[in-house]
Amino acid sequence: METAVSNQETAGGKSTVRGRRTSSYRRHEQRTAFWFIVPAVALLLVFVFYPMLQAFLISFKNYSLVGAGDVFVGLDNYTHLMKDRAFWGSLRHSFYFAVIVIPIQTSIALGLALLVQKPSRASGLFRTLYFIPVIISTAVAATVFKLIYNKEFGLLNSMLKALHLPTTSFLSDPHTAMNGIIVLGIWKGVGFFMIIFLAGLNNISPDLYEAARVDGASRLQQFARITLPLLNRTTAFVVIMTTIDAIKLSGLVFVLTNGGPNGSTETVVFYIYKQAFTQ
């Protein structure tokens, strides 16, 4: 009897020690995780949230980058913004860019991912070729396309001449300038989203396609009932990222058209830049 009680006490003691060690280990993990998070939070506070707060406070002032004695004007800046036709035009242009680019770029990226998904000697080469535009700087890409669109010696108009079609100055016409930027935006961004879709496709189990083939499903049916549903999250990510890119569009506009002609390519971010540094 005494031996049994002694064994129970020993077991209870070991359990208590084990519980203390587990609790201590968890606290150590929490402290370690905390110190890993601190640098990221500090960077966000200094470089994101603090500038956002400062920008919000400045929006209530008549602020000058070089002057002194900023005057508090309340909501006057917002009232002026709501009455500014250029602001509403920039919103419309950004929306137009997003509406055109999102479906076209997403479809092309998915199509390219499907083409290069199967490993082969050529697939690696084509993946690289499709991704090259992503790593080209915005200034270089925009300059190259500016030469392509040139009315006098541009490649595009040279092809139109060879086909005996009328030439046009794409970036000087308010009706075509934004479309020229859209083409460049799609060309430059589609390779990145192709890689995203390729990762999503590689996560789909081949067994699902094998079972569908056994059941007599065609390739189109496999794509519609297996591929697309299992790429829902990937597609949502691509759409969100493309929307963000559309909202912050400014670099391509700055190099290609500088917001012209007649403000037909001004976007929201480019409008903010003009108000901050050129007005």
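In case you wondered, yes, glycine gets a Cβ from its N, Cα and C as well.
The feature compositional bias 'Polar residues' is assigned by TrEMBL to 1-10.
Marked as region 'Disordered' by TrEMBL: 1-24.
As annotated by TrEMBL, transmembrane segment applies to 33-53 (among others).
The annotation domain 'ABC transmembrane type-1' is assigned in TrEMBL to 91-279.
What TrEMBL records for 95-116 (among others) is transmembrane segment.
Annotation source TrEMBL lists transmembrane segment at 128-149 (among others). With a cut-off of 8 Å between Cβ atoms, the residues of this chain six or more beyond the transmembrane segment (128-149) that come close are 112, 116, 155-157, 169-171, 180, 183-184, 187-192, 194-195, 251-252, 254-256.
Taken from TrEMBL, the feature transmembrane segment applies to 181-201 (among others). If one looks beyond the transmembrane segment (181-201) by at least 6 residues along the same chain, the residues whose Cβ comes under 8 Å of a Cβ in the stretch are 97, 100-101, 104-106, 108-110, 112-114, 116-117, 127, 130-134, 136, 138, 141-142, 145, 227, 230-231, 233-234, 237-238, 241-242, 245, 249, 252-253, 256-257, 265.
Listed as Cβ neighbours of the transmembrane segment (33-53) (distance under 8 Å, sequence separation of 6 or more from its ends, same chain) is no residue at all: none.
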